[in-house]
Ligand code: DGJ
């Protein structure tokens, strides 16, 4: 802008480049508004589309940042200084972040701003990933002045959209009911989702969308925003007096402040911005491609993820070596590839009250040690994975006896346990170091292929005896930086170990985690009917390869519901597939089904894990009784669609499945049908789904919790 502050012109569908856009920054003078006068210009800041706004100079919307000087003043005037354009995108140091080398067409723009009075400089970074319609933004603060500054708020991105005719779509829930879609139209005032739990949380996911009200899966304008961070976050939209919408994404300013001594730097995490004018399916697909190409650990971002069996719901804490080996040998026999030993193998942990922090084997359960068990499992031809909860400590543990001061607690206050456990102070390097050494020993001893990193409580009494009083509000962010430090160190030392993140299921299903752990346990709820809602909601912001999905026992342990084995498989196929039940106790028939499911999954694994995903029928809309979705390969020669019935109806309407993403001119067969269908027929006229499979029986083709899989193959 003419006064040297940075204005915003436009963010949306690509438009032509011009030298100036007077049309897009036009504004009128209105009464009763403070104004800046610069030469002949007269600005009323409350009307401006600002790039990175502060508070206190006439723009009364919530700001992107706030800095306090020694004298208590919180006014800043960031003036444009310079810019630099570079090829590629460098990773941030100490934070999970996007990346691209210099040989491609990704470019990074750095815009340098300075507040002359305090000496504060801010660099706004924008990396443009043209193939996925993604822009990555962050801000870096450097105190180049002499006085001590305090950062009271430092968000990663601000967008000032010129109107508010959008639906705000976000993903809410709780433990075992994560990421259910919520949609509401923007209203005047502030609407926000956030976390103050020091985890991105089960309650709200950092991924949000703003969609024009008429937008569907296949057409219409939609913005997507995500945040590469695992701690307290804020996604906020403020609709102001003129109906404009300010989007703010970043670290939650509540429970945050940062000392910026002379010479010090603070780097915000990255915000991800994307836009699609072709509906929500397209938005999800481009985000998925972006994460896999530019965010997830390249060692695993395109690798086949193993089919696993996890002993948690099979045994809980009650197992010994014989039991584990009986599950593992059955798994090997059925074609499963990875055995994951969950909670309860360490210290003397027979329930959830003890031993967290004692990462050495429990000899009463595994008398011959981890290496012995691992050798046996590897000997069966299986990979071996182990569960850890590295950030936690139990009062009844050797670690607590040795280092009671490593536990997070506030002086002279009572403790608030969660699941009978407490949290280690990950702002301390010696804590990160000790846990690293214990985990490293296990990884080497057991030659681990896989680690499930769990985190089963959010943090209370946020206080660190490691920090000075003025640093206490830095703790939530410093804690997460400590978690990232441990992840990075483990990955650097053991690059072939695949990590799965978990936080009581989906409490940290975020891009910060995905940078280190390319897949996450989507939810502790393994009930097929509930999982449809969870996986459907999750799919808006995250691709299938990030979602762990397992077949479990019935009656289901979370809901008590009984669903067919087949349906449990059909739901879990769409993700990183596995089993979570005692496979040694199954009938011959169920074992046969496992073998068939494993074979089918292996055959179509690339499609299930990395195919282009389409949501077809939403369980959140209409009668909320049906869901369907589909994956299609890149060359459109193979697709698999699934249709799930929740409750059955007598004498229901005729059913057609309208698939997506096929080649309209290509002939296909569905489930090996004699008849062939052009792609345009299947997509526009639909595929007839018969429901009356046997006229003498109730309608079984859409029985309660039944499901159908449609394998669509191009005719050669
Ligand atoms: C919560 C996880 O989500 C479960 O899968 C299991 O690992 C338990 N923790 C173990 O305590």
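Placed from the backbone N, Cα and C atoms, the Cβ positions cover glycine too.
Not measured: the values here are computed from a predicted model.
The substrate site recorded in TrEMBL comprises 175, 342, 343, 452, 453, 454, 455, 456, 502, 524 together with one of 152, 197, 419, 428, namely 419. Only 175, from the recorded positions 175, 452, 454, place their Cα within 10 Å of the Cα belonging to residue 524 (active site, proton donor). Here the CA atom of residue 454 (active site, nucleophile) lies 9 Å from the CA atom of residue 343 (substrate binding site). Using a 10 Å radius centred on the Cβ of residue 456 (substrate binding site) and all shown protein chains, the other Cβ atoms total 21.
Listed in sequence order, 343, 387, 388, 389, 502, 503, 504 are the same-chain residues six or more apart from residue 454 (active site, nucleophile) with CB atoms under 8 A from its CB. When secondary structure is read from DSSP and collapsed to three states, residue 454 (active site, nucleophile) falls in the coil class. For the substrate site, whose annotated binding residues are 175, 342, 343, 419, 452, 453, 454, 455, 456, 502, 524, the maximal Cα to Cα separation is 19 Å. Of all Cβ atoms in the shown protein chains, 26 besides its own fall within 10 Å of the Cβ of residue 452 (substrate binding site). Of all Cβ atoms in the protein chains displayed, 22 besides its own lie within 10 Å of the Cβ of residue 524 (active site, proton donor).
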